[in-house]
Amino acid sequence: QLYYQVLNFAMIVSSALMIWKGLIVITGSESPIVVVLSGSMEPAFHRGDLLFLTNFHDDPIRAGEIVVFKVEGRDIPIVHRVIKVHEKGNGNIKFLTKGDNNEVDDRGLYKEGQNWLEKKDVVGRARGFLPYVGMVTIIMNDYPKFKYALLAVMGAYVLLKRES
């Protein structure tokens, strides 16, 4: 019985990983779903909103689009709006971002000496969202003990659940 429960738990985990990898392939984004962690994009997005991303490289980046980007030296991606785009004749595109709720652009967030982002920095572009669904993620990050308690309860439930 215990062996069956452990196998059931392993199947749930592997199914979740397969769904995640499938979303990565379908959306073209290394992270197809992200949670807004700050209030820098209010009123468009609030802290805890769950964003759905795509990152098709053929689509040009335009001013007004909301992008999720990674900056060298920072682990957590940033969700902000593109405010300026510079296209060069050779097809090279550089752009500047800013949070809707911020007073200044994001040049202070970029790595030292970097004034513009490039397409390689983009993780994805916001295509839709679910309000406040990501609050669970924020609570788990803010209170690590809660995260471990929740994981222990879920693991115990799967392992101890009896089939009818």
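Cβ atoms here come from the backbone N, Cα and C positions, even for glycine.
Now, the feature entries from TrEMBL:
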{"type": "TRANSMEM", "residues": "6-26", "note": "transmembrane segment"}
{"type": "DOMAIN", "residues": "25-109", "note": "domain 'Peptidase S24/S26A/S26B/S26C'"}
Over the span of the domain 'Peptidase S24/S26A/S26B/S26C' (25-109), count residues by DSSP class, listing helix, strand and coil in order.
6 helix, 28 strand, 51 coil
As a test of reading the model: what is the averaged pLDDT for the domain 'Peptidase S24/S26A/S26B/S26C' (25-109)?
92
